[in-house]
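So the structure is just underneath, and the comments pick up after that.
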Amino acid sequence: MRPSRPPTTLALALLAGLPGAAQAHSFGRLYNLPVPFWMYIYGATAALLLSFLLVAWFATAKEETFATRAPKTLPLALSGLKPLLRLIALCGLLLTVATGYFGNADPYRNFSMTFFWIVFVLAYAYATALFGDLYAAINPWRTLAESLGRLIPGYTRGRWRYPRRLAYWPALAFYMAFIWIELFAHTRPFSLAVTLSVYSLLNLLGVWAFGARDWFRYGEFFAVFLRLIAKMAPFAYEQGRLRLRRPFSGLLEQPAERWSLLVFVLFMLSSTAFDGLMATRTWLQLFWSDPWGILEAWVGTKAIYAFPTLRPVYFAFQSFCLLISPFLYLAVYLLAIGLMKLITGSRLPLRTLALRFALSLLPIVLVYNITHYYTLILTQGVKIVSLLSDPFGRGWNLFGTAGLFRAPYLPDIGLVWHVQVGLILFGHIVSVYLAHLEALRLFPSRGKAALSQIPMLLLMVLFTGAGLWILAQPITSR
């Protein structure tokens, strides 16, 4: 008789066969780091410490030299293009829904999946960090609402005043649902079309209830998400005018005004980290090895031997962990802010400090997202060129591009790893710098400002180490 497999090994073997979304890392093979992992951690920590010391020594509170208005504006450029851009955005949404309902069921041959998940959710978000919040002007759901408003007088004014206590919680709820669908719903073209149809209806109902102005500020989560990302861009659009500013300086112009916006930012961070974590063997072992014997006591046998019974429990466990992740991050963040208040003796309320430093986390959010997903743009995103000529997957060649970029570009995985390390380190250094500039505004002396940033530095080191650790873990199919 052959010896039986260890339960954990058997769990990994079984779970590797589970269907799942595309892996966040985009690669299904292991990568041996060119130098030991601990050297990356020590190097990244040393770089953060050095940047902290340099910022503490040289940074000043002269925000007018950091975020300045350009002497020239371009008042007509966007106003002339706006109708065309809005039409293109609306057509993109309608085509995504139409191809989902009536196109090929193969996700790789259907325009909807690549356009929505890769081009819009990833590439457009990264472009927003460079070019600013164009989405506010071309939001297709706002275009739909305003078009309906032309037919129904008073529709976009709403029926009730938007409750202040709701703040950004509706957007956060939609965002959580969106990430849950991305990670667990195994979306296909048809189900994506249904999801977008339902979301469109909910937006139209939100506008009917609370008016377009408040709903697209607080309720439509893509608007909130991209508005936050756009604060890092060197361009800002204000009433048809283009304002130039230094990159990332928009994060210092206005602090987060609500707890709900802080939690939204933290979910931007925690959801990406969770997506990377749940693809690792460590995560699988955490549940299926049952280190505390909880599952064995419940089902009366080793967890893996009760796989069919416990699979729904595992699914619920993962969903629960995703939904509580921003609140776990919030607890860690508030601990750092509480230490800041304690060591500086600040009289500012904890809420004020927490909200003032919230947006300094956004560079970390951006680089985490890029490092986890940018390879998807290279491997699948380039196929949008061919899909434009055959959006329904029927063998068409409308624009003569159906044969272009059909093969994915596969970058060297060693290069990918080093780009990821560099981006994570860059994002954390920028966050250290921004947090220090904010501290110079809040505290009476440079010494107090530097002292206040020690807990934030520890938080950055923790985030850096966790991010690199997740990226370095062996991954498995989900």
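Cβ from N, Cα, C; glycine included.
In TrEMBL, annotation is done automatically, which means it is predicted and not curated.
What TrEMBL annotates here:
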type: SIGNAL; residues: 1-24; note: signal peptide
type: TRANSMEM; residues: 40-59; note: transmembrane segment
type: TRANSMEM; residues: 84-103; note: transmembrane segment
type: TRANSMEM; residues: 115-138; note: transmembrane segment
type: TRANSMEM; residues: 166-184; note: transmembrane segment
type: TRANSMEM; residues: 190-211; note: transmembrane segment
type: TRANSMEM; residues: 259-279; note: transmembrane segment
type: TRANSMEM; residues: 313-336; note: transmembrane segment
type: TRANSMEM; residues: 348-370; note: transmembrane segment
type: TRANSMEM; residues: 415-435; note: transmembrane segment
type: TRANSMEM; residues: 456-475; note: transmembrane segment
Other parts of the chain folded back onto the transmembrane segment (313-336), taken as Cβ under 8 Å at six or more residues beyond its ends: 176, 179-180, 183-184, 262-264, 266-267, 269-271, 273-274, 278, 287-288, 295, 350, 354, 361, 455-456, 458-459, 462
Remote residues contacting the transmembrane segment (115-138) - C-beta distance under 8 A, at least 6 residues beyond either end: 78, 82, 85-86, 88-89, 92, 95-96, 182, 187, 192, 196, 216, 222-223, 225-227, 229-230, 232-237, 366, 369-370, 373-374, 376-377, 380-381, 384, 387
Distal contacts, the transmembrane segment (415-435) - CB-CB under 8 A, six or more residues away: 27, 31, 33, 40, 44, 47-48, 51-52, 55, 59, 248, 251-252, 357, 359-364, 366-368, 370-371, 375, 453, 456-457, 460, 463-464, 467-468, 471-472
Outside the transmembrane segment (166-184), six or more residues from its ends: residues with CB under 8 Å to it: 21, 117, 195, 199, 202, 206, 218-221, 223-225, 258-261, 263-264, 267, 271, 274-275, 278, 315, 318-319, 322-323
Folded-back contacts onto the transmembrane segment (84-103), same chain, C-beta under 8 angstroms, at least six residues removed: 109-112, 115-116, 120, 134, 137-141, 143-144, 189-194, 196-197, 200, 391-394
Considering the transmembrane segment (259-279), which listed stretch of 40-59, 348-370, 456-475 counts the most C-beta pairs under 8 Å: 348-370
Tertiary contacts of the transmembrane segment (40-59) (same chain, 6+ residues out, Cβ under 8 Å): 33, 421, 424-425, 428-429, 432-433, 436-437, 440, 446, 449-450, 453, 457, 460-461, 464-465, 468-469, 472
Positions on the same chain near the transmembrane segment (348-370), where near means CB under 8 A and six or more residues out: 122, 125-126, 129, 228-229, 231-232, 248, 251-252, 255-259, 261-262, 265-266, 268-269, 272-273, 333-334, 337-338, 340-341, 423-424, 426-428, 430-431, 434-435, 438-439, 442, 456, 460, 463, 467
